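Here's what TrEMBL has on this protein:
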| type | residues | note |
| --- | --- | --- |
| SIGNAL | 1-26 | signal peptide |
| DOMAIN | 28-329 | domain 'Plant heme peroxidase family profile' |
| SITE | Arg65 | site 'Transition state stabilizer' |
| BINDING | His191 | heme b binding site |
| BINDING | Thr192, Asp244, Thr247, Asp252 | Ca(2+) 2 binding site |
Amino acid sequence: MAALKMAALLLLFTALLLLRGSFVRSQGLQVGFYDSYCPDAEDIVRSTVEQYYDKDATIAPGLLRLHFHDCFVQGCDGSVLIAGASSERSAPQNFGLRGFEVIDDAKSQLEAVCPGVVSCADILALAARDAVDLTGGPSWSVPLGRRDGRVSLASGANALPSPADPVSVQRQKFADQGLSDHDLVTLVGAHTIGQTDCQFFSYRLYNFTATGNPDPTISQASLQQLRALCPPNGGDPSRRVALDRDTPGAFDVSFFKNVRDGNAVLESDQRLWSDAATQGAVQKYAGNVRGLLGLRFAYEFPKAMVRMGSVAVKTGGQGEIRRRCSRIN
């Protein structure tokens, strides 16, 4: 009888632990979510990102952009990773996205040690954090517990900001995600390590608003430099150009100085200086005291990333944990 009572108590204790685990999982995102379920999860993602970064440092902005594009369409649910003729990944706004192989590699390693536990959406959030850290930017604790979405539609990519969007449209697209004007400027600061193609800004160099002239807000120094990189005839429209002309591989505040001084590459970035609602935030980061303002951006950027990474997340019993990131189970 004593043995039976002990067995019953053990079963009850196990059931309570399972219920507690289910309760915790249903409460939304939390730091250290995988500590009990897959304790090496964050280390595996970090080491994978490092391996790819060591071979090609430009993968860092690719991973950061991948997370951003995921969160702006149906929330941070890994839906941008799904392959298919009509998926988000196939939308024109997502042409040029990079880093899928990094996420797939990390996922395969995690499935080998913790099958069915770590979501692709969480891998994306961790990889974005690690990418910023590797380029000299801040690190932060990433709240985890996202589950993967089962829907991915190319039409949803219309929610993404465009390089030609005026500030009013950018502001609305960020507001639609529950993000403020301050979040907009802070998150666009990720362009400090970003790149873009000539085709997305060359109109500013030669025929802005069909006038046959360049965008008057571009400084003469930048105009000459960008024209040399992206000539009007015979140039490669897919040539990659750094969005930060001064320190393209370092996560710092020089991007904001470029915006202030008319050296931004994308029209959407330059417009942040001409709008009263966003100019103050740009000036705050650009400033004149490099060290002090760099610390301020390093403090604000992680907070904005956590807010963005929490947009419309699926938790608890929602969605699924994909076995392969490129397709639903």
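Each Cβ is built from the backbone N, Cα and C atoms, and glycine gets one as well.
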Greatest C-beta neighbour count within 10 angstroms, which of the binding-site residues Asp244, Asp252: Asp244
Neighbour tally for Thr192 (Ca(2+) 2 binding site), based on other Cβ positions within 10 Å of its Cβ: 29
Thr192, Asp244, Thr247, Asp252 excluded, remaining Cβ within 8 Å of their centroid (Ca(2+) 2): Ile193, Asp246, Pro248, Gly249, Ala250, Phe251, Val253, Ser254, Phe255
Residue pair Asp252 (Ca(2+) 2 binding site), His191 (heme b binding site) - Cα distance, angstrom, rounded: 10
Recorded positions: Arg65, His191 - member with fewest neighbouring CB atoms within 10 Å: Arg65
Cα-Cα distance linking the residue listed as 'heme b binding site' and Asp244 (Ca(2+) 2 binding site), given in Å to the nearest integer: 7
Local confidence of the prediction over the domain 'Plant heme peroxidase family profile' (28-329), expressed as mean pLDDT: 95
